[in-house]
Amino acid sequence: MSSTIESVLHENRHFPPSAEFAAKARVSGMEAYHALCRQAAEDYEGFWAGLARERLSWKRPFTQVLDESNAPFYSWFADGELNVSYNCLDRHLPELANKLAIIFESDNGTVTRVTYAELHRKVCQLANGLKSLGITKGDRVLVYMPMSIEAVVAMQACARIGAIHSVVFGGFSAKSVNERIIDAKARLVITANSGVRGGKIVALKDTVDEALAMGGCESVERVVVFKRVLHEDGPWTLGRDIWWHDLVAKQPEVCEPTWVLADDPLFILYTSGSTGKPKGVQHSSAGYLLGAVNSMLWTFDYKPDDVFWCTADVGWITGHTYVAYGPLAVGATQVIFEGVPTYPDAGRFWKMIEEHRVTTFYTAPTAIRSLIKLGGELPKQYNLSSLRLLGSVGEPINPEAWIWYHEVVGGGRCPIVDTWWQTETGGHMITPLPGAVATKPGSCTFPLPGIMADVVDEAGEPVELGKGGILVIKRPFPSQVRTLWGDPERFKKSYFPEEFNGKYYLAGDSANRDAEGYFWIMGRIDDVLNVSGHRLGTMEIESALVANPQVAEAAVVGRPDAIKGESVVAFVVLKGARPSGAEAKALVAELRDWVAKEIGAIAKPDDIRFGDNLPKTRSGKIMRRLLRAIAKGESITQDTSTLENPAILTQLQEAN
Ligand code: WT7
């Protein structure tokens, strides 16, 4: 057990919402929360249908609610028609045309503000531009953009014309871009000539060029390039590449939305699984949007005068739901930030909260921990009195970081919502309602109303409170992944395995419920690592390593890390002799860069060990448990009698 989990299980402090917060909250007090849960339990479909009617704007109202006839390919509100971009923009215009939609702060501190009317115009013009290039409903558009107003415009423009976006995080490699283009058969790529992070230029367009040159990308007809920075650009492919500003220049400022069916795909987002190949998580239009709106209202207790700031990149699900869609769907003013928390110094977040009068701040435990390390007293130099609510996402938050966040950032007055969810769930699943639930540091507390989460054993039977088990969702919910792009079989196998009658949605996490029923997430039960809140498949990194001509075999495990949550440790067998000294060090550096090129810098192993072999059972199975112990520097106390070649353990214990 890691020290985090150890300390979490002994955590028993309660932080009830203040009377002042509860009094103004949308859901105030536990009785109100329980009432919503009861409503959902008594009339599940009626509960969701009511919310979908009240909180979304429909072109054509739905008459069907949940359709389970083709389980586990569930369908929600099937015959309803709507448009997500209409819901995020047009419906606000009568009242909110001049309200700020986005306050964008660039890496170097330049601030750009756009109102709802201006954002609507930008989205319409790009949507018309995309149409002029022949993009229509159902076409896939790959978006590879820096954090910017235009990244949101690109996503919203796709939504407006019913095109399916596939956003790839700007830190992913050319190879990753290439694979995602091929898998989704994208017709168009939207990128920027460059992005800027921490004062450094990130050459996105060059990476797209490289990705397209790798072959297999014949589906791509055009590349739209936003000019983010003025500099000497790389090669320009005539007939394929087109500047964003040229594309939109003469486009009309209105664009009739393309009405889509509720379950028509809004986007695909690739995420890591337990095989080497990332999964294309396919989300619906209406169900997904409902999840985004509900959680803006329930979890973030959204109020019209809020200034909302989610620090996630649009390349991740958090940036989809809580940057590109959720805040706009409720008509919020939000901050979008291009840069990194530590540039020009570790006070950047706090300075921005002060300057933009942020009320709701949503970030990841890894960011909190690194900022504590770099300047635990820094927030005190800023006026953070505008804050009223704090959020955490991506991994369990250790109680120490929670308490710091609460005291030092939140001044002891802001509730913390620790939100458990996944790429596949589209929006929050288990999280406190800040005006109702007394929080406990390290617990994501209780499921949102209508989310039937439970902890079960291997046979799918509920476990007693206090006993750990497997986290499942027992009923389909609207914002749930609809399928894996092009791979329905993998969808079934990954999330609705036979062991649970194919009925329960298996999240891939283990969890515990304490005596009061609070949920505590313990971590993944599959071969997926959580590094700085990002999901990485061990198999994906292993495949990247063995693709190197010098590598014969590789095994990757996670090691608990004080800042990143988990770090990547790779055990490598070379085709040639096992190197040592300077030679080994050079090869470690080479393989780290290799993985960065294959996947992206986030997947670089923190530690690489060389051995003549890997510890295997006589039947040839790699003993990962042993490797995890070695990675942690623990002495081997486990039974090694089934091991084929015990001598290699000593080799693997040597650091390079
Ligand atoms: C996995 C999902 C959800 C958006 C960011 C990550 C872990 C996420 C929490 C939390 C404990 C958490 C789980 C989950 N996770 N949030 N509040 N407490 N664990 O999305 O990349 O799809 O990863 O992140 O292990 O399964 P993702």
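Using the three backbone atoms N, Cα and C, a Cβ is placed for every residue, glycine included.
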Matching residue for the ATP site, where TrEMBL names GLY394, GLU395, PRO396, ASP418, THR419, TRP420, TRP421, GLN422, THR423, ASP509, ARG535 - out of ARG490, ARG524: ARG524
Tally of DSSP helical, extended and coil residues in the domain 'Acetyl-coenzyme A synthetase N-terminal' (33-88): 27 helix, 7 strand, 22 coil
Sparsest-packed of the listed binding-site residues (GLY198, GLY394, PRO396) - C-beta count within 10 angstroms: GLY198
Site extent for CoA, whole Å (max Cα pair distance, ARG197, GLY198, GLY199, LYS200, THR318, SER532): 24
Pairwise CA distance, ARG197 (CoA binding site) versus PRO396 (ATP binding site), rounded so that it is a whole Å: 27
Neighbourhood of VAL546 (Mg(2+) binding site), C-beta criterion under 8 angstroms, separation at least six: ALA552, GLU553, ALA554
Those binding-site residues in ARG524, SER532, VAL551 whose CB falls under 6 A of ligand 1, listed in sequence order: ARG524
